[in-house]
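Participant: Questions regarding the structure given below will be posed in turn.
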Amino acid sequence: MTNIRKTHPLMKILNDTFIDLPTPSNISSWWNFGSLLGLCLIMQILTGLFLAMHYTPDTSTAFSSVAHICRDVNYGWFIRYLHANGASMFFICLYAHIGRGLYYGSYMSQETWNIGVLLLLAVMATAFVGYVLPWGQMSFWGATVITNLLSAIPYIGTTLVEWIWGGFSVDKATLTRFFAFHFILPFIITALAAVHLLFLHETESNNPTGIPSNMDMIPFHPYYTIKDILGALFLILALLTLTLFTPDLLGDPDNYTPANPLSTPAHIKPEWYFLFAYAILRSIPNKLGGVLALLLSILILVFIPMLQTSKQRSMMFRPFSQLLFWTLIADLLTLTWIGGQPVEHPYIIVGQLASILYFFLILVLMPTVSLIENKLLKW
C-alpha cells in the first residue's frame, strides 16, 4: 500500500516540500537560515496575536496599553519582549540569509531571489509600522521623520504624506492605520514565503560549490530536518537569553517616554537593523538624493544577478571576490555604527565615505574583480 503522505492531496504537498525533497548533500549551516526565518515568522505572528488582544490603537491609550500588557497580563512582559527581540532575531537571520545568497551565488535563481527582495521590503515595512505602535517618543518621531521623506517626491510629495498620515500630522488616524498594516502584512509575508519556496523547489537548492548537484541528492528528512532543529535550538536559546536577561539591550530608552509632539528627542534614530540604510540616507545633504540613495541601498539587490560577470556561480573558489565580500560586510557594519551616531564631525565624513564604498563595491569593484579572476583562470 502506498504511504498516505504520497497520495493525500494536502500531505503530498507537505511531503514534497519538507520530507522527500531532494536536497544537495553538501549544503552547510548557512542554509539553515531559511527555516529559521520561517520559525521567526510563526513566532512573531503568534506573539503579535496575543499582544493585539490587549493593545489599543488609540493615541490616548496606546502607551498605557503596552504598560498594562507588561504589568497586568499573565506573562505579558514575556510576550512583549519576545515579540520585540524576535524582530531583531528575524533581521539577523534575514541578513545572514541574504549574505549567504550573495556569497554562494544563489541570486542566479532569479525568480526566487526577486521574491526574496519583495519579502525583505515587506518585512522592513512591517517592522517600521510596528515600531510606531507603542507610541513612545521614538515611535512618534520615527514615524514623523520617515513618512516625511515621501514629501521629497516632486509635485505629489506633500499630498502623499498627508494621505498616509490621514491628517496634517502623525496622529490618531496614523496610529490606527499603522496597526492595520502591521496586522495584515505578516500574512502577506507568509503568502510571499510560500511563493518563494515554490520557486526554490522549481530550480532546486544551490550548494556551496555553485555546481549543479543533480547527481548527488539526499532526502530532506531526516538529514536536514535534524540539522534545522539544531539551528532552531540555537536561535531559541539566543532569543530567550536576550529576552530574559537584557530585554532592552536593542531598544531605545526614549521609547519609555510617551509620545510628545512638542518635544523632539536629541537623536532620532530607527531600530538597529535599519541604521545602515539610515546612515546612507543622512550622508547625502539633498533630501530627494538621500531618499533615492536609501531606496537604492535595498533595491540594488534586484540588480545583483545582472552584475554577475564571473563564470563561477559561487565565491568558494574566488579569493579576491571573497576579500571584497567581507569588505562589504565590514562596510555595512561601519554604516550601522554611523547610523546610531549624532550628525557631527567626524561621523559625517565617515558615513559619506562608507556610503560611497557600499555602492562602489557592488556596482564597480565586484564585477571588475570577477572578470580579472576569469582571466587568471584562462576562461
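Heads up, the Cβ atoms here are built off N, Cα and C, so glycines get one too.
Pulled from Swiss-Prot, these are the listed features:
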- His83, His182: heme b b562 binding site (BINDING)
- His97, His196: heme b b566 binding site (BINDING)
- His201: ubiquinone binding site (BINDING)
- 33-53: transmembrane segment (TRANSMEM)
- 77-98: transmembrane segment (TRANSMEM)
- 113-133: transmembrane segment (TRANSMEM)
- 178-198: transmembrane segment (TRANSMEM)
- 226-246: transmembrane segment (TRANSMEM)
- 288-308: transmembrane segment (TRANSMEM)
- 320-340: transmembrane segment (TRANSMEM)
- 347-367: transmembrane segment (TRANSMEM)
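Could you give the neighbours, burial and distances for every feature on this list?
Facilitator: In sequence order, Gln44, Thr47, Gly48, Leu51 are the residues near His83 (heme b b562 binding site), counting only same-chain partners six or more apart with C-beta under 8 A. According to DSSP, His83 (heme b b562 binding site) sits within a helical segment.
The secondary structure of His196 (heme b b566 binding site), as reduced to three states from DSSP, is helical.
Here the Cβ of His201 (ubiquinone binding site) has 14 other Cβ atoms within 10 Å, regardless of which shown protein chain they belong to. When secondary structure is read from DSSP and collapsed to three states, His201 (ubiquinone binding site) falls in the helix class.
A Cβ distance under 8 Å defines the sequence-distant neighbours of the transmembrane segment (320-340), meaning residues of its chain 6+ beyond its ends; these are 99, 102-103, 269-270, 272, 274-280, 282, 310, 347, 350-351, 354-355, 357-358, 361-362, 365-366, 369-370, 372-373.
Long-range neighbours of the transmembrane segment (347-367) within the same chain, counting only residues 6 or more positions beyond its ends whose Cβ lies under 8 Å from a Cβ of the stretch, are 279-280, 282-284, 293, 296-297, 300, 304, 307-309, 321, 324-325, 327-328, 331-332, 334-335, 338-339, 341.
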Participant: Given the cut-off of 8 Å on Cβ pairs that are 6 or more apart in sequence, determine whether the transmembrane segment (226-246) and the transmembrane segment (77-98) share at least 3 such pairs.
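Facilitator: Between the transmembrane segment (226-246) and the transmembrane segment (77-98), contact is present.
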Participant: Rounded to the nearest Å, what's the C-alpha distance separating His196 (heme b b566 binding site) and His182 (heme b b562 binding site)? Just drop the number here, would you?
Facilitator: 21
Participant: Please give the sequence-distant neighbours of the transmembrane segment (77-98): residues at least 6 beyond its ends with Cβ less than 8 Å from one of its Cβ atoms.
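Facilitator: For the transmembrane segment (77-98), the list is 30, 33-34, 36-37, 40-41, 43-44, 47-48, 50-51, 66, 69-71, 116, 120, 123, 127, 130, 235, 238-239, 242-243, 247, 250-251, 271-273, 301.
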Participant: Give the nonlocal contacts of the transmembrane segment (288-308) in its own chain as ranges (CB under 8 Å, at least six residues past its ends).
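Facilitator: Residues 98, 102, 105, 107-108, 110, 113-114, 117, 120-121, 124, 149-150, 152-154, 276-278, 280-282, 355, 358-359, 362-363, 366-367, 370.
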